[in-house]
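A.B. asks: The following block contains the structure, expressed as structure tokens.
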Amino acid sequence: MEIYKLNSDDVFKQLGSSPRGLSDDEAKRRLDEYGLNKIEEVKGTPLIFKFLANFYHLFAILLWAGAILGFIGGLPELGYAIIAVIIINAIFSFWQEYKAEKATEALKKLLPSYSKVLRGGEIRQILAEELIPGDIIVLEEGDNISADARLIQVFEMRTNNATLTGESAPVRRTSDPVLRDRMLITESPNIVFTGTSVATGSGRAVVYATGPETEFGKIAGLTQRIATELSPLQKEMVWVTRVVAALAIGLGILFFVLGSQIAGLNLTVAFLFAIGMIVANVPEGLLPTVTLSLALGVQRMARRHALIKKLSSVETLGSTTVICTDKTGTLTQNEMTVKEIWASREVIDVEGAGYEPKGEFRVNGRTLSKEELDSLNVLFMSATFCNTSRLVPPGDGRTGWGVIGDPTEAALLVVAKKAGYDIDREFKEHPRVYLLPFESTRKMMSSIHKFPTRPLACVKGAPKEVLDISTKIRLSEGIVDLTDELRQEIVARNDDFARRGLRVLAIAYREIPADIISLTVQNVEQDLVFLGLMAMQDPPRPEVAHAVSLAQRAGIRIIMITGDYGLTAESIARKIGIVKSDVRVVSGGEIDPLSDAELSSVLSHSDVIFARVSPEHKMRVVSVLKDRGEIVAVTGDGVNDAPALKRADIGVAMGIAGTDVAKEAAEMILTDDNFASIVGAVEEGRAVYDNIRRFITYIFASNIPEIIPFILFVTLGIPLPLTILQILAIDLGTDIVPALALGSEPPEADVMDRPPRPRGRRLLDFPLLARAYFFLGPIEAAVGMLAYYYAYYQNGWRPGQVLPASGREYVFATTMVLASIVIMQIGNGFAVRTERTSILQKGFFSNRFYLFGIVTELVIIAILVYVPFLQPIFNTSPLKITDWLFLFAFSPTILIADEIRKWIARRYSARRVPGGGEEPRKEPRERVSRRRAA
């Protein structure tokens with residue numbers, strides 16, 4: 001079907017549709033016939049192969065070698081035990097990976113794609129996957145196109161076709177038939193395609209192909225690839241694991257030599273022990289644990305209205321130093337209400353709030369009559385004609401009035417309805433013939449409508465820009481020249497509105513002269529008749545002031561970058577605490593002549609606002625901030641914001657007001673368009689990073705009591721206090737669930753009182769290693785060796801006597817060492833739940849998952865100690881209640897010792913203590929020094 005050759009009427013006939021779109025019943029029937037508008041993704045690696053991969057990585061191969069040597073060396077129970085450990089470890093690693101993958105898939109479902117369609121003559125928003133052939137889709141700037149469709153109406157439309165054709169520049173679209181023969185469908189200018197987007201303008205198109213029948217669907221099966229990119233943190237964990245593995249293998253080789261040459265072990269036993277030492281020092285499950293922790297963190301952020309598209313964004317959020325935010329809808333409620341009108345040199349107060357069209361009009365307290373309101377009809381006509389939004393009355397589950405489209409435009413519709421202006425009737429009598437969509441460079445839009453004599457252009461936009469191209473003004477006495485005095489009055493009134501935090505739009509119109517044939521911006525937007533000003537209230541969100549204070553306390557700088565008027569921006573910024581005093585408001589026009597060095601100097605000002613800026617200006621500010629070493633999060637909603645969103649470290653798109661293009665460019669999407677959600681996500685990002693450090697500290701700390709026994713075995717010649725399988729039982733058994741539980745730890749109370757993490761700070765830094773290896777680990781090792789000698793002492797041994805290396809006494813001693821490490825890890829887990837805050841302040845029971853982890857490790861150690869057939873394998877024997885009481889008596893020591901360390905860190909505000917983090921301060925020191933230098 002060469003649909004590009006057909007005119008609009010033939011297109012409707014061919015597809016069984018009409019200018020009003022499909023009926024609901026027909027749409028349902030076609031959805032059953034054609035199916036969902038989806039392109040099936042290429043399936044990834046089958047689950048069975050993912051599971052089997054856990055049996056042949058480096059550490060699994062080492063364990064297989066150990067098991068084989070166990071069988072060869074006449075130790076079959078050891079061989080079976082190691083095989084069991086391999087299987088358990090494989091199951092656990094696979095479960096972690098599977099759970100993380102499912103968490104990520106669940107997030108994708110939270111990011112549905114929508115399309116606006118015309119059904120039964122009404123514009124509706126439906127899921128893009130429910131589009132069917134015959135649907136009329138309504139396209140606007142920034143929309144993704146979700147089906148192949150034939151254009152039937154176009155207003156200055158260009159599309160980005162790079163994903164399909166490779167063309168980098170936006171391509172102009174038309175609704176006219178194309179009569180060429182032998183044309184590739186992708187070359188047709190009257191067709192829009194799945195996977196492309198609207199760069200500028202607007203239009204309507206009839207869907208003719210969906211899902212696999214689209215041009216994109218036909219090639220998708222050939223080109224799809226599943227590519228999983230590791231986040232920077234995951235890459236660092238790979239590096240950490242390799243470094244630790246190299247050290248562990250080196251240590252294993254050293255101990256093999258020492259064991260065989262000095263301790264007199266036979267080669268098989270020495271090799272098995274070397275493998276045990278390697279396994280003890282390498283946290284094999286660390287990478288999947290980190291991945292799972294990130295995925296769980298992303299899920300928590302989603303519950304706080306912040307959808308993270310990539311795991312890599314989580315750690316970046318925690319180190320954000322600057323948030324560049326828009327004003328409208330992000331800091332404010334985006335529920336526009338026209339509160340005042342300036343027309344015919346009078347200020348008219350408008351009552352009412354929200355989208356309900358009820359409210360009176362007053363001048364100096366006097367209610368305007370019907371005749372006086374009718375005199376404003378030309379103003380209301382231009383405001384409502386130059387509009388692409390629609391009011392939705394209560395019904396279909398809605399308790400109040402709603403809006404489809406832009407809230408600012410909706411406010412204009414509401415105020416017209418309040419005045420009794422019949423929008424639908426006037427629009428039918430004077431249909432739109434052309435539209436010049438809003439552009440950030442022009443800061444206005446124009447809608448041209450049919451009238452009996454000549455077309456009328458209705459214009460709305462920023463007061464300064466509209467005033468600049470107006471030559472006349474409509475007053476009560478008629479249309480007069482726009483004198484300098486009147487211009488100054490309009491500017492003064494606009495400034496007054498803006499100082500009070502009101503958002504102002506200017507309304508104008510022009511009769512199109514008969515000699516103008518081409519309806520271009522240059523031909524239409526000139527010689528306007530100025531009608532008046534609409535001043536809208538958009539109050540700050542009530543929770544934003546607290547979020548701003550929280551961010552500033554966390555050392556995060558907030559910069560407002562808005563297209564709004566400077567006085568309006570400053571008023572809102574002061575109300576919510578972004579700026580205090582000595583504010584510098586910089587306009588887009590002031591940015592243009594500045595060099596990057598000069599703009600950097602402007603940014604060194606503590607309180608700066610960028611107003612009346614274009615997306616290009618926003619992009620430049622973000623670039624200069626990054627050049628200054630800042631880690632930048634930036635908000636955006638328009639198609640032109642995409643470059644700035646991509647340039648930022650964290651691009652934040654609006655989930656409600658944002659265009660599809662902006663959402664694709666961003667790493668994070670706010671489902672409520674709320675600034676407070678950004679700050680909440682930063683808090684969660686910091687918490688996730690802290691949690692990863694917690695379970696690494698927890699795991700690394702238990703390595704010391706596993707290594708010390710062998711060192712003493714080699715140097716002092718004592719019987720080996722801890723066997724290979726006991727080490728494996730700790731690392732791959734008792735430690736697993738508590739370590740995972742630490743990944744779900746709630747944030748510390750002071751997580752937002754600390755400055756942002758420096759960009760170059762490694763996860764595995766000296767404070768973490770010092771706390772694990774030189775503080776917590778040695779305490780565990782000391783208690784373990786105390787339990788070792790206590791066990792022998794209980795059986796009659798006294799200092800100076802030789803320690804038995806076999807028999808009941810020896811088995812009892814190794815059991816006590818094993819149990820002591822498990823018990824001490826309970827105290828260690830409570831200790832690492834905070835870095836500087838006292839655990840008493842956080843509460844012992846605030847992490848129920850960790851309490852479950854404690855129960856799990858106690859059950860596992862009880863099974864190893866009391867199940868008869870496991871006792872010879874793990875070299876254990878039953879312990880009496882007094883033995884357990886002895887061990888539990890020492891468990892608080894590690895917690896008490898770490899509480900003292902935390903107290904010292906808080907008391908003296910130490911910048912570097914083992915695990916102590918950084919000294920809180922209002923803002924990063926490097927930024928303070930830059931400001932002083934400036």
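Backbone N, Cα and C define each Cβ position, glycine as well.
Nobody curates TrEMBL annotations by hand; they come from automatic prediction.
According to TrEMBL, the protein carries these features:
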COMPBIAS  918-927  compositional bias 'Basic and acidic residues'
DOMAIN    2-75  domain 'Cation-transporting P-type ATPase N-terminal'
REGION    912-934  region 'Disordered'
TRANSMEM  51-72  transmembrane segment
TRANSMEM  78-95  transmembrane segment
TRANSMEM  243-263  transmembrane segment
TRANSMEM  269-296  transmembrane segment
TRANSMEM  695-718  transmembrane segment
TRANSMEM  724-742  transmembrane segment
TRANSMEM  763-790  transmembrane segment
TRANSMEM  810-828  transmembrane segment
TRANSMEM  849-869  transmembrane segment
TRANSMEM  881-897  transmembrane segment
A.B. asks: Hey, which bits of the same chain come close to the transmembrane segment (810-828), Cβ under 8 Å, at least six residues off its ends?
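C.D. replies: Answer is 698, 701-702, 705-706, 709, 719-723, 726, 729-730, 734-735, 738, 776, 779-780, 783-788, 790-792, 794-795, 803-804, 854, 857-858, 861, 864-865, 871, 874-877, 879, 883-884, 887-888, 890-895.
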A.B. asks: Counting only pairs 6 or more apart in sequence, are there at least 3 Cβ pairs under 8 Å between the transmembrane segment (243-263) and the transmembrane segment (78-95)?
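C.D. replies: The transmembrane segment (78-95) and the transmembrane segment (243-263): touching, no.
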A.B. asks: Would the transmembrane segment (695-718) count as touching the transmembrane segment (849-869), i.e. at least 3 C-beta pairs under 8 angstroms with sequence separation of 6+?
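C.D. replies: Counting Cβ pairs under 8 Å, fewer than 3, so no.
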A.B. asks: Is the transmembrane segment (724-742) packed against any residues at least 6 beyond its ends, judged by a Cβ distance under 8 Å, and which are they?
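C.D. replies: Those are 66, 78, 81-82, 85, 88-89, 92, 96, 272-273, 275-277, 279-280, 283-285, 289, 292, 691, 694-695, 698-699, 702, 706, 814, 817-818, 821-822, 825-826, 829, 832-833, 847, 849-850, 852-854, 856-857, 860-861, 864, 873-876, in sequence order.
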A.B. asks: For the transmembrane segment (78-95), find every same-chain residue at least 6 residues outside the stretch whose CB is under 8 Å from a CB in it, and list them.
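C.D. replies: Residues 50-51, 54-55, 60, 63-64, 66-71, 272, 284-285, 288, 724-725, 728, 732-733, 736, 873-874.
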A.B. asks: Return the average pLDDT for the domain 'Cation-transporting P-type ATPase N-terminal' (2-75) as a whole number.
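C.D. replies: Computed over the domain 'Cation-transporting P-type ATPase N-terminal' (2-75), the mean pLDDT is 84 on the 0 to 100 scale.
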A.B. asks: For the transmembrane segment (763-790), find every same-chain residue at least 6 residues outside the stretch whose CB is under 8 Å from a CB in it, and list them.
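C.D. replies: Beyond its ends, the transmembrane segment (763-790) has Cβ neighbours at 233, 236-237, 240, 689, 692-693, 696-697, 700-705, 707-709, 712, 721-722, 797, 813-814, 816-817, 819-821, 824-825, 828, 831-832, 886-887, 890, 893-894, 897-898, 901, 912-917.
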